[in-house]
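A.B. asks: Per Swiss-Prot, the features are:
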type	residues	note
ACT_SITE	D14	active site
BINDING	D14, D147	Mg(2+) 1 binding site
ACT_SITE	E74	active site
BINDING	E74	Mg(2+) 2 binding site
ACT_SITE	D147	active site
Amino acid sequence: MLGSQTKQVILGIDPGTATMGWGVVRQEGSRLRYVQHGAITTPSGWGMPRRLDRLFAGVTELIRGYRPSAVAVEELFFNTNVTTAITVGQARGVALLAAYRAGVEVFEYTPLQVKQAITSYGRADKRQVQEMVRALLGLRSIPRPDDAADGLAIAICHAFSHRMSAATGVGKPRAMQDN
């Protein structure tokens, strides 16, 4: 295990244009502490530019308020609905841009990696992941909305991945590079 010198605040983001879930955890050595969770929502009647602007402003505000040392974002997974994949990709882009502009390092995790880190089973269902998020953070109930629980799961995934790579020097989380 790591010593108590490892401290970081992690913002996890589950991208979406209607609802962007987020969760903040604090890692202190081998301990993980719940900070907050929520969702940035946009009205369905808004055009895409206005929705993306709201998401960008919301993520920027979260970064200013919580001052994370890392932002973990769920990678886009293959989706048979091309329109959904495109809009989720746009929301991801907004989150990545907000973190980049704030100078915060960004890490990406696939849904499989998140499930594996949280439940030790890459094919876990949504309810299993949510229940483990609740248990790992010592919460009385499963965080709502679902997107916010996913944001917390992504933040926890980063904390676990970061802790393991720091302890072993192997399998470092993939940070996005500024090339």
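Placement of Cβ uses the backbone N, Cα and C atoms for every residue, glycine included.
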A.B. asks: Whole-number Å distance between the CA of D14 (active site) and the CA of D147 (Mg(2+) 1 binding site)?
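C.D. replies: Spelling it out, the Cα of D14 (active site) and the Cα of D147 (Mg(2+) 1 binding site) are 6 Å apart.
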A.B. asks: About how far apart, in whole Å, are the alpha carbons (Cα) of E74 (active site) and D147 (Mg(2+) 1 binding site)?
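C.D. replies: Between the alpha carbons of E74 (active site) and D147 (Mg(2+) 1 binding site) there are 11 Å.
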A.B. asks: Measure from the Cβ of E74 (active site) and count the other Cβ atoms within 10 Å, all protein chains considered.
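C.D. replies: So the Cβ neighbour count for E74 (active site) comes to 25.
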A.B. asks: Using a 10 Å cut-off, grab the number of neighbouring Cβ atoms around the Cβ of D147 (Mg(2+) 1 binding site), all chains included.
C.D. replies: 23
A.B. asks: I'd like the number of other C-beta atoms within 10 A of the C-beta of D14 (active site), please.
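C.D. replies: Around the Cβ of D14 (active site), 30 other Cβ atoms lie within 10 Å.
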